[in-house]
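Visitor: Before we start, here is the structure in question, set down as structure tokens.
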Amino acid sequence: MASFAARSASQVLRASRRTSAAVARAALKPQAASYSLLARTASAKVILNPTFQTVRGVKTLDFAGTKETVYERADWPLAKLQDYFKNDTLALIGYGSQGHGQGLNARDNGLNVIVGVREGGESWKQAVEDGWVPGETLFPIKEAIHKGTIIMNLLSDAAQSQTWPELAPLITPGKTLYFSHGFSVVYKEDTKVVPPKDVDVILVAPKGSGRTVRTLFKEGRGINSSIAVWQDVTGKAKEKAIAIGVGIGSGYMYETTFQKEVYSDLYGERGVLMGGIQGLFLAQYQVLRKNGHSPSEAFNETVEEATQSLYPLIGQKGMDYMYNACSTTARRGALDWAPIFEKANVPIFEKLYESVRNGTETRKSLEYNSRTTYRQDLAKELAEIDNQEIWRAGMYKVSRLLWDISMTSVFTGKVVRSLRPDYKPE
Ligand SMILES: NC(=O)c1ccc[n+]([C@@H]2O[C@H](COP(=O)([O-])OP(=O)(O)OC[C@H]3O[C@@H](n4cnc5c(N)ncnc54)[C@H](OP(=O)(O)O)[C@@H]3O)[C@@H](O)[C@H]2O)c1
């Protein structure tokens, strides 16, 4: 039952998404700028479809029995968005994954955006490559904060804590302080980030990497984001959060609190989104190899089929759909084993949640990411993963296959994780 309820909610949401995209495109028609450069090329005929028009207006969605309000980009036509921020300068502090995605999207949306990063650092170079102009739209951090009215703190979470003593006095009344994670203010005992009492403090946390924030925007779509208010001095903090959410490329925004955002985010990425799935892939692969299966067979049954076939089906149509797309043999076995995996994993997830809640994960992250060698240390650990047989298996096979079928261009890239001969690395 839960599965059907979830599916119908997601169907409503998808219908609403299509509608909103259509409405957004219609709203954009007479204007010079766009939510996305590519979206402008989309045909306005979509809006003529009556199905889209009838669904338009759904704002409260039922998620498996719980009603939630969803804020939509469609309510912020570009002219309204640009007018709302006409007296503002969005100062993006930090230009990592999120700085890049959010900054370029806001700039393409016609907002007044500047970037503040360490002079001469990696991010400075990256920002210049992306067209930010030193002295015009690219500044050292303190100068950017001085010029900005909305200070978007997109430094790494560890750097937010490290730099806070220097930056805090620059967050003067009238400015707005923005984060994309609840980390710094929620774990203030550890980070020491305590915002001044006289500024609005808001959050827009895209539910995806900064690269996805950018890609979806360019496709004319918008990423889902969480929004939250920590401190509302002006009485407009929530509205501002929604508007900035649209500005940086969100399509749909879900209200939460700083605390719930950071708990769920730290938990999810350590769990199924990253750590959990990495551990599960590896465990399955190892047992197959121990029992005499070849690397390609173990890879196919673990990574290839998951990422190339079954997980996309879950994403597109739901878990039940994925089951139905598989053999009755597969369905029977998976249905029997799912509760066994669930039972085995609940205690691990409970331990993980507690480790997030009590700040252990935060302290580890701050300690590790505050090291001067954090980039090299991380690169070393990731290289170790890259060197695991499971991932070498996927990479090796592709390069051989590309040779075997006499592709005109030889594959020289490194990050390929598929055994399909027609797979094209980006
Ligand atoms: N990445 C995601 O998928 C994601 C998703 C949602 C929310 N968020 C949140 O968004 C925020 C930004 O994350 P991110 O992943 O985009 O950034 P990041 O890669 O973690 O951080 C990179 C930025 O921090 C700067 N930085 C690091 N140490 C510094 C220091 N000591 N002093 C000054 N600058 C320093 C870097 O500049 P240099 O190049 O000069 O070192 C770079 O501009 C975080 O709060 C994060 O939790 C991230």
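Just so it is clear, glycine is given a Cβ too, placed from its N, Cα and C backbone atoms.
Okay, so TrEMBL annotates it like this:
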DOMAIN    66-256  domain 'KARI N-terminal Rossmann'
DOMAIN    257-404  domain 'KARI C-terminal knotted'
BINDING   ASP265, GLU269  Mg(2+) 1 binding site
BINDING   ASP265, GLU301, GLU305  Mg(2+) 2 binding site
BINDING   SER327  substrate binding site
Visitor: Say we define neighbours as other CB atoms within 10 Å of the CB. Which of the binding-site residues ASP265, GLU305 has the fewest?
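Guide: Lowest Cβ count within 10 Å among the binding-site residues (ASP265, GLU305) is GLU305.
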Visitor: Going along the chain, which residues six or more apart from GLU301 (Mg(2+) 2 binding site) have their CB under 8 A from its CB?
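Guide: Listed in sequence order: GLN284, LEU288, HIS293.
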Visitor: Specify the nearest of the binding-site residues ASP265, GLU269, GLU305 to the residue listed as 'substrate binding site', where nearness means the distance between Cα atoms.
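Guide: Going through ASP265, GLU269, GLU305 one by one, the Cα closest to that of the residue listed as 'substrate binding site' is GLU305.
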Visitor: Taking the Cβ of GLU269 (Mg(2+) 1 binding site) as the reference point, list residues of the same chain whose Cβ is under 8 angstroms away and which are at least six residues distant in sequence.
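Guide: For GLU269 (Mg(2+) 1 binding site), the qualifying residues are GLY275.
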Visitor: Provide, as an integer number of angstrom, the distance between the C-alpha atoms of ASP265 (Mg(2+) 1 binding site) and GLU305 (Mg(2+) 2 binding site).
Guide: 27
Visitor: Tally of helix, strand and coil residues over the domain 'KARI C-terminal knotted' (257-404) according to DSSP?
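Guide: Tallying H, G and I as helix, E and B as strand, the rest coil: 127 helix, 0 strand, 21 coil.
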Visitor: Over all shown protein chains, what is the count of other CB atoms within 10 A of the CB belonging to SER327 (substrate binding site)?
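Guide: Step by step: centre on the Cβ of SER327 (substrate binding site), count other Cβ atoms within 10 Å, giving 8.
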